[in-house]
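Here is the structure we will look at, set down as C-alpha cells.
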Amino acid sequence: MYSIISTEELVPRVRVYRISAPRIAKKAAAGQFVILRVDDNGERIPLTIADWDVVEGSVSVVFMEVGTTTTKLSRLKAGDTISDIVGPLGNATEIDNFGTVCLMAGGFATATIMPIARAMKAAGNRVITIVGARNKDLLFWRERLSAVSDELIITTDDGSAGRKGVVTEPIKEMLERGERIDRVIAIGPSIMMKFSALTTKPFGIKTIVSMNPIMIDGTGMCGCCRVSVAGQTRFACVDGPEFDAHAIDWDNFMARQRSYIEEEKRSLEICRCPSG
Amino acid sequence: MAKAKIDLNRVAMPKQEAGARRQNFSEVATGYTAEDAKREASRCIECKARNCVAGCPVAIDIPEFISAVKTGDFTAADEIIKRTNALPGICGRVCPQESQCEAVCTLAKKKAPVAIGRLERFVADWEPGYRLKGSTGAKAPKSCKKVAVIGSGPSGLTCAAELARLGHSVTIFESLHVAGGVLMYGIPEFRLPKTIVQTEINFVRSLGVEIVLNAVAGKTFTIDELFKDGFQAVFLGTGAGLPLFLNIENENAPGVYSANEFLSRVNLMKAYHFPEFDTPLKVGKEVAVVGGGNVAMDAARSAVRLGARVTVVYRRGREEMPARLEEVENAEEEGINFLFLTNPISFQVNDQKWVSGMTCQKMSLGDPDASGRRRPVPVGGSEFTLPCDMAIVALGTRPNPLIARSAPGLAFASAGTVIADESTGLTRKAGVWAGGDIVTGSATVISAMGAGKAAARDIDRYLASL
Ligand SMILES: Cc1cc2nc3c(=O)[nH]c(=O)nc-3n(C[C@H](O)[C@H](O)[C@H](O)COP(=O)(O)OP(=O)(O)OC[C@H]3O[C@@H](n4cnc5c(N)ncnc54)[C@H](O)[C@@H]3O)c2cc1C
Ligand SMILES: Cc1cc2nc3c(=O)[nH]c(=O)nc-3n(C[C@H](O)[C@H](O)[C@H](O)COP(=O)(O)OP(=O)(O)OC[C@H]3O[C@@H](n4cnc5c(N)ncnc54)[C@H](O)[C@@H]3O)c2cc1C
Ligand code: SF4
Ligand code: FES
C-alpha cells in the first residue's frame, strides 16, 4: 500500500497527487513514468512523473480525469492509499546542451514538461516553452514554467489567454522567420504531437515526442505498448516512451489507442454510478 | 518376494466434460480423490533402479512419496515432496511428466507409467491448510548472510526457498504487483488455479523469504546497488517475457495481440470479469492464433472460453508441435480448429484499421534444420486469407532488455539471454547467478526450478567461503 501525501486540483478534472514512494523518488529522472493500480480490481495505468522529492520520499503525478481509473483516483484524499505504484519506468529524456530547445505541451502535459524544462535549463539551453489549452481556465503552473523558461508562450483555442490558436502556430512562425531551434520536444494528446511533428518536419529539426500507448506491465512483457517507428516495432515502455516524432506511424498509433473505447465507456458508466 | 501382477491400467484423471468447460475458467482436470490416489499409487512397484527420480529435474523422492500415498499417509507424502520441491501443486499440474519422470518409469516400457504427476498434484492439494503450519523439515541455523533474488517466477521462488532452508536471509524483488511470474500472468486459471500458486508462494514465505513487489531491477534499483545495500549474492530469475513478432504487414493493427498481452489481460488482470475488474479485453468472434506451443494452446483455449471460434495456425505438422500432448488433446476436444503447415504472411485491416483477416501460405516439410525438426518450406501459389476479427501471435519470447542495460559485467548471448554456467548458474559477473528462462530462453517450469535449485547450492558454497 502506498499513501497519498497530498492532493490538489489544478484546474477542473486535472489533479496533482504526491504519493509516498521513496524507492522511486530516489531514481526518478525527467521523462520517466510510473504505473499505478488504485485498488485490487484496478487496471494498471501509466502516468508521467511530474516531480519528485528524494528527502520526503515522494513522487508527484498530474492526471486528467478521463476514465475509470483516473475517476477512482480523483475520489481519493490525502491519507488514503493506492494498492501499487512501480517505477521509475521508461528511459529518461536525453538532456544535453543542444542550444535552443523548444518544449511544446498540450493539456495535462504542462506538468510533464516541467522536469524536462528544468533539466534543459540546468544543462545551459535557451528554453522556449509553448503551452496550449482550450481556454484560460485550463492553464496551470504558469509561474513554475516561466521560472525555468527563457520564453513562455501561451496559446488558447478561444484566445482567452495568450494568443488565439494552437501550439504549432508560434513555432511555425519562428521557424519560418529563420529562428534557430536545435531540438523540439512535444508532449500532449496524440493529435497535437502528430501535428507538431508535421510542423517541424519540413525544417528538418529533430523532434522528440513522448508516446502514451495503452500499457500493462511497463517492463517489456506484454507487447501492448508497441509503436511503429521507422517501420520497426518498438516497445514504448522499454525503448521509449520518447521517440523521433518524424519516424512514427501516427495513424496506426491512434488506431491502437482507440482499441478499447467502447469498453472504457461501459466501465466508466458503472464507475460513476453512485451505488457502484 | 512373490511377484505380484502389475496393474497396467492407470487411474483416469477426472475431467470437466468438454462442452461444460468451454463455458468456464474452472480447472479442466478436477483431480484424484483419495481413493483414486491410493489405487494409482499401489501400481508403483518401488523398483530399486528409481528411474523416475533420475528423470525428475529436481529429483523428488518419488517412490518414497508414492509409498506414503499407498498407505494413506498423505501428510508424510507431502513432507517427502516438500523436501525437494516447494511448488508441487504447480509441478503436478504443468510439468511435462510424459517426457520426464513418467517417460523413464519402469512401467513406461509397458505403456503404463505410474501417473506420478497426478499423484504429486493430489498430495499438494491435500488439506492446503496443513501446509502453512506444517513442519518444513529441520531448518538450518541462521547464517546472517543476505541474498537477493530478482524475479518471482519458478526459478526465483525455488532458489529462494532453497537458500532460506539453508539458513540465509532471502529477499525476492518482483516488478509486477503479484508474485509468481508466468504462473500468474501466463498460464490460465483452467490449467493452474491462481489460489494454488499463491498458496505455494505463501509456503515459500513461511520459510522466511521476504517478497518485495513493484520493484524493477534495472529501474527501481541496480544490481550493484543491491551489493551496496549489503546483499552478498544475487540470483537473476527474470524470465523471458519480451514477445517476438512475425514482422509482417499490419501486425501492429489493433486486434492483433501478442499472446502475453492477451493472457496477461485475462489471467493477471482478470479481464474475463470485466467490468467488475477494470481491465478490458476485446474478444473477437473469429480468432486466429499463430504458433504451436503451450502458449498458443493457452491463448486459443482462453479465447474459446470467452466465446470465440478459434483457429490455430502452425507452420509445421501436429507431431512437431511443442505443446504438451494432453493440452493439444484438450484443445481439440474443446473445438479448436487446427491449420497445420500454414504460415501467416500479412494481416488485413477494415476501415476502422481493426484486423479483419490473416493471409497465409501453405508449407511443406523439407530437410531437418539445426533443431533436428524438418524445416517448413513455402508452397508456391498457395496463398489464402483466413477471415478473423482478432489474432494472437504466440511465437515465443526473449529476455527483456532491462537487466542488460543496468548490470555492467554480465555477458549476454545473441538471443539476449544471460550467459551462465550450466551446472551452477554462475554468470560472468562476480556474486551474480542466473537461471530459468533468462538463461535458456522460453523453457519449462521444472527446468527453471532445477536451475534455481542448482544455483542456490552454489550460492550457499560461495557464502560459506566469504
Ligand atoms: C508513458 C505514459 C505517460 C502518461 N502520462 C500521463 C500523465 O502524466 N497524466 C495523464 O493524465 N495521463 C497520462 N498518460 C495517459 C494515461 O495513462 C491515461 O489517460 C489513463 O490510462 C486513463 O485511464 P482511465 O482508466 O482513467 O481511462 P480509460 O478508461 O482507460 O480511458 C478514457 C479515455 O482516455 C483515453 N486514453 C486512454 N489511455 C490513454 C493514453 N495512454 N493516452 C491518451 N489517452 C488515453 C481513451 O481513449 C479514452 O477516451 C500517460 C500514458 C503513458 C503511456
Ligand atoms: C502461456 C504459457 C504457458 C506455459 N505453459 C507451460 C507448461 O504447461 N509447462 C511448463 O513446464 N512450462 C510452461 N511454460 C513455460 C514456463 O512458464 C516458463 O518456462 C517458466 O515460468 C520460467 O520461469 P522463470 O522463473 O525463469 O521466469 P518467469 O516465470 O518468467 O518469471 C520471471 C519473473 O521476473 C519478473 N521480472 C522480469 N524482469 C524483472 C526485473 N527487471 N525486475 C524484477 N522482476 C522482474 C517477472 O515479472 C516475472 O514475475 C509456459 C509459459 C507461458 C508463457
Ligand atoms: S520408476 Fe515408476 S514404478 Fe519405479 S519407482 Fe518410479 S514411479 Fe514407481
Ligand atoms: S507495457 Fe507491456 S511491453 Fe510495454
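Just so it is clear, glycine is given a Cβ too, placed from its N, Cα and C backbone atoms.
All annotation found in TrEMBL is predicted automatically rather than curated by experts.
Sequence annotations record features per position, and here TrEMBL assigns [2Fe-2S] cluster binding site to A:C222, A:C225, A:C237. Residues annotated as domain 'FAD-binding FR-type' in TrEMBL: A:1-95.
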Among the binding-site residues A:C222, A:C225, A:C237, which residue has the fewest other Cβ atoms within 10 Å of its own Cβ? A:C225
Whose Cβ lies within 8 Å of the mean position of the Cβ atoms of A:C222, A:C225, A:C237, the [2Fe-2S] cluster site, other than those residues? A:P213, A:M215, A:I216, A:D217, A:G218, A:T219, A:G220, A:M221, A:G223, A:C224, A:R226, A:F235, A:A236, A:V238
For a three-state summary based on DSSP, what are the helix, strand and coil counts in the domain 'FAD-binding FR-type' (A:1-95)? 13 helix, 46 strand, 36 coil
Students should find that the binding-site residues A:C222, A:C225, A:C237 with a Cβ under 8 Å from chain B are A:C222
